[in-house]
Each structure stands twice: as structure tokens, then as C-alpha cells.
Amino acid sequence: ASPLAHSFQLDYEHNCFLKDGAPFRYISGSIHYARVPRPAWRDRLLKMYMSGLSAVQVYIPWNYHETLPGVYDFTGNRDVEAFLDLTAELGLLVILRPGPYICAEWEMGGLPAWLLWKPDIILRTSDPAYLAAVDSWLHILLPKIKPRLYQHGGNIISVQVENEYGSYYACDHGYLRHLLGSFRALLGSEVLLFTTDSTRAEELRCGTLQGLYATVDFGPGSNVTEAFGAQRRVEPKGPLVNSEYYTGWLDYWGEAHASTSAALVAQGLEDMLQLGASVNMQVSPFLQLTSLPWPGADYKDQYKPVTTSYDYDAPLSEAGDPTEKLFAIRKVISKFQPLPVGPMPPATPKYAYGRVALRKVSACPQGCTAPARHCSTGQHPPLSLQYADLLDVLDVLCPSGPIQRQFPLTFEALKQAHGFVLYHTQLPRDVPNPATLGAPPHSICDRGYVMLQKEYQGTLERDGQTTLNVTGRAGDTLDVLLENMGRISFGANTSDFKGLLGNLSLNSKPLSNWLIYPLAIDTAVQQGWPHAALPESSSGGRVGPAFYTGTFETPGIAWDTFVKFPGWSKGLLWINGFNLGRYWTRRGPQQTLFVPGSVLHVGRPNNITVLELEGAPPTPLLLFLDRPLYNRTLGHSSTATE
């Protein structure tokens, strides 16, 4: 065999890649296996292949696999080796992005929250504690990757080291050198290693290193010649590469849904391909799987959590449907290389299952008085509901009981990565006149739902409202439910601690004697609660944190669908124990959650669990649609039921 057989190299003389000794350029698209249900992996990859892409770019989120120090999960949806094997089976090359930091609008940019158990750790630097954790992870991950490298007969042609490191404040080249040494030691000397940064000169200075090929990222509307000119200033020779060509943009809660025109995206792609560049498109951001823990946040003068949906006006939609933008991209690709023979696989079938009314007792829909199992109105699926205030079920959500401390502890001090922690104390004195319940600046991370004597008072919010006026008597219970809305993944120092970072005070006098409940809500729901046993609420009311559950049956099919929350405020949805993520109807823009058909049952009831945090509508119902609604902001559709 020729020594060039199964080689992938840089050609500095002809400014291109060499694949098996021949000039080569890739046209690639990003896909996040962690955001796509495993049953849909093949469908999404096949659609990418039929679009004319020769490669896919794949992130590996460290925190998705090393959930606790030394505890690894590569099963089910986390089986990255099975995903990589599937890309090879379908004839796609892979550009791998194993981090350790990946951004990806993912919780903490893929770094595990348990790193923050050491509060003074300095992330993404040469800090010995950080490097020790990184090296331990790379020694687990990279041996799984090495046999799949192109040089070893696999399909991984290149591997990115870190991600957009130039945008991080630290500018620690010693850290990049350490990573380069680790990647070389574990993957060998032949694999092509590269970096990606924006086109800004300062970011390219801090994010690049000799021995790592420097690529850039930019979106449509950029001057392509100028953007690649920035790459040329750090890499005078070699292939032009845009490693992240933005075909859409991310959504933040409370802002308008982002969109990018298909024509602009197609024109930018054509301009780059005319120059002979290799391009990776953010083509396929899909379903935000297990959404509760994983969406991250940006920090741009303030904390900006990203939405549950990772659709972002992508060429392939959240449900895996080809869009006008995808066909515009495919048409451009056809001008430069042959397209695969055959039709594009169709959109997945959707079903509008209709209204599911959530009520406190077993009931038939709208005026039907027969027991639910006998209901034959045919208007919508029979459903039974039970309901409980969160404060009434702490024994289920925190079976080990509370921790007693003089002052609050953070999530990290409690070794709680995601979700919710409840802080409970009592008023130390009578408060006959309104007194200010307040928190120090930057100490509510990220939202605190306040209950006095189990009555919801309002919400404290990071970079928002941090005081409430309360009245009460000495000994009255005060509960604050703290929600982690996602650790910062881009835009600031990523040491983003969660919970109450400072003490609450009443008219500036600190409160003390706290009972702290780390809540394992996701675990309880996955194990069948509350459908196994849920008490009726003793305190009643529909305001404040409470669980609503019900069941519905599909009409003999389990197709993809979208759930709308008319009149609901903010909360989380599980179906059959599967966490489908946050809704925030009042703030938008996202108004629906995608439900992949693979989580639904046929021939037996589907269990719905909703945790509403602020207030359910007077007649709680969910609406199952056959299309998403992404672009309603600030409650414009909060009571709509279309």
C-alpha cells in the first residue's frame, strides 16, 4: 500500500488539504449527538449526507460523560462510539471537537460543574487542579478516538483542541501547550490538530499556537476576503477554513427568535467555496435532549440564558425536517461537487394530538360527566390529573432530608449540579409593616421563587428584581426555591456558581438558621413519581411551585409532536419520565417544546408531569400541535390556544 493511503495532511505549497495524497476540501455540517434522540441519529445523518456534505463536525461534551469525578457514562444516548461508527457506516468524514471546553451553548461549555467543588479553581488555564481533571478525562476519552482516526482506517480527519480560546480572558499559552502535548501523546503525531477563533486579531493572538493549525469562524454577511485575510495573518499558507459558518443564531429567553435568510447563507457559502475554502456549517442544531441540565447561557453585560430549543433557524429543523435553507445550501454545493444519487429523506411525520386538560380530579373533557375511562366524546384523549404543591412533597424530592446551616450553601458546596435547591427558614420577628426581603448583588443564581407560609410572594432574579416586600409574624416559614438556569458557556469567566451565593436579609438584617434541601426532581420523575403516588395538595391554590400530572393515549401512532402551554407561566415538562426541558410562556420567544415520537407509548397511557413554578392557568391544559411556535415574546400568546 502507498504510504499516502489513508493519510490526511496539510499542503502548505498548494494551500489545501491532502487526503490520501490528493488535494481535498471538505464541506461539513455540525451535529450534536447529545441533542438528538438516539433513534433519530441515522435519519439526521442521512439527511446531512444527502445534502451533499462530505463531513460532519461533532462536539463531545465532557460533562455529559463524566457526570461525577471518575464516574463515566457512555451508554444509550451517550454512546459516542456508536454515533461515530454510524457516521462511518454512512460514508461521512468526521471533524472532532472534544474540548475540553466546547461552548456549544451547552451548560458551562461542556466543563463539569463538579470542577467548581474546588471554589478557587481557575478554569481553562494551567491551574494544576484543572489540568489534573482534564488529563484524567482525556486519558479516558482519547483512547476511544484513536482507532477511529483516518490514519488508522477510521473516518476522523481532524481534531480541534479547545474552542475559541482567544475569546477567553486568560490567554494562557502554557495551557494550550499542555493540551497539545496531551493530544499528541494520546492520539499520535500524524493526526491533524487545529484551533478555531473569531477573526479578531487579539483573539487569534491568544487562541492560536504553533503546532495547531489555526482556522477561523464567521457568519453570512461577513466580507469573506477580509475574514480569510485574518486567518492568513496567523497562517500565511495552508487551506482556508471557516470552522463555524453560522447558518442561524441562538435564542435567548425574552428576546426575539433569531432568523437568517436562506439567500444570505447560500451566497456566503458560494463565496467561500469559490475561494477553494473548506467550510463547516452549523447545519444541524437539533433537539435539545435532556434539556433541564444542559442549555447554557451567555454573559454579555448581563446573564442571558439560552432557550430549550436548539433549532435556531437551522437548515435541518429541530424535528429533523429539511428546510428551504437546506435546499438552497444543497444547490450551492451542487455547483462544486456531485450530489449523492437519490431523494432527500422526507420530513418526519407529526401529529397534533390536541388538547389535554389537566385537572385536580379524574375527569372527562369539557362537560362529559362519565368516568374518564368511559368517555367517548372523541374530542381529545382521556386524562386524569393529580396535583401537589412542591413544598408538600419534599420527603419525595429530598429523601435524605435537609442540611442545617447558619447561612445558605451554594449548589456546588452541596455537590448539586443541576435543577433546584430549596432554602427554608423562619421569620425571626413580627413584621407588621412591609419589610424588604433582599439579596446582595449577584447572589441570586439564577431565579428564586419566594413562599411565605407556603404562599407564593414573587420571584427574585439574577440581573433583575432582587427585593420583595413581605409582612408576617415571628416563626412564619420562609422558603426560597432556587433554580439553575444554566451555567455560563460563553462571554465571561465560566466559574458560574449557583444557588444563594450570599445571605438573604430582612430590612438589611441577615436571616439565619437555614434548612437546605437539594432536590432530586429529575430522578424522582424518572423513577415513576408522581404517577405512582401523589397526595392531593393540602394547601390548595394554583400559584407558586406545584406539580400537575396526567395521562393521555395516542391514537395508535407515536409521531413527533409539539406541546404548547396556553396560560402557563414557567416550568418544566416530563413525558414518560423523559425531561423535555423548560417552557417560559410569559417570556418567550419559544412557546412549544418538541416531543420526539420515540418517547411516546402506543397502546398504553403516556404519563405527563408538569412542574409549574409561578402560576398555572385557571383551567390547566396542554395543547399538542403538529408544528412549533418559536417567535412569540413577552406573553403575547400566553392565553392563546390556537
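Heads up, the Cβ atoms here are built off N, Cα and C, so glycines get one too.
Note: TrEMBL annotation is automatic and uncurated.
The domain 'Glycoside hydrolase 35 catalytic' annotation in TrEMBL covers 17-335.
Residues annotated as active site, proton donor in TrEMBL: GLU164. Here the Cβ of GLU164 (active site, proton donor) has 21 other Cβ atoms within 10 Å, regardless of which shown protein chain they belong to.
Under a cutoff of 8 A between CB atoms, and with a sequence separation of 6+ in the same chain, the neighbours of GLU244 (active site, nucleophile) are SER30, THR196, ASP217, PHE218, ASN280, GLN282. The active site, nucleophile annotation in TrEMBL covers GLU244.
Residues in the domain 'Beta-galactosidase 1-like first all-beta' (408-519) partition by DSSP class (helix H, G, I; strand E, B; coil) as 0 helix, 59 strand, 53 coil. The annotation domain 'Beta-galactosidase 1-like first all-beta' is assigned in TrEMBL to 408-519.
As annotated by TrEMBL, domain 'Beta-galactosidase galactose-binding' applies to 545-603.
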Secondary structure tally of the domain 'Beta-galactosidase galactose-binding' (545-603) (DSSP, helix then strand then coil): 3 helix, 27 strand, 29 coil
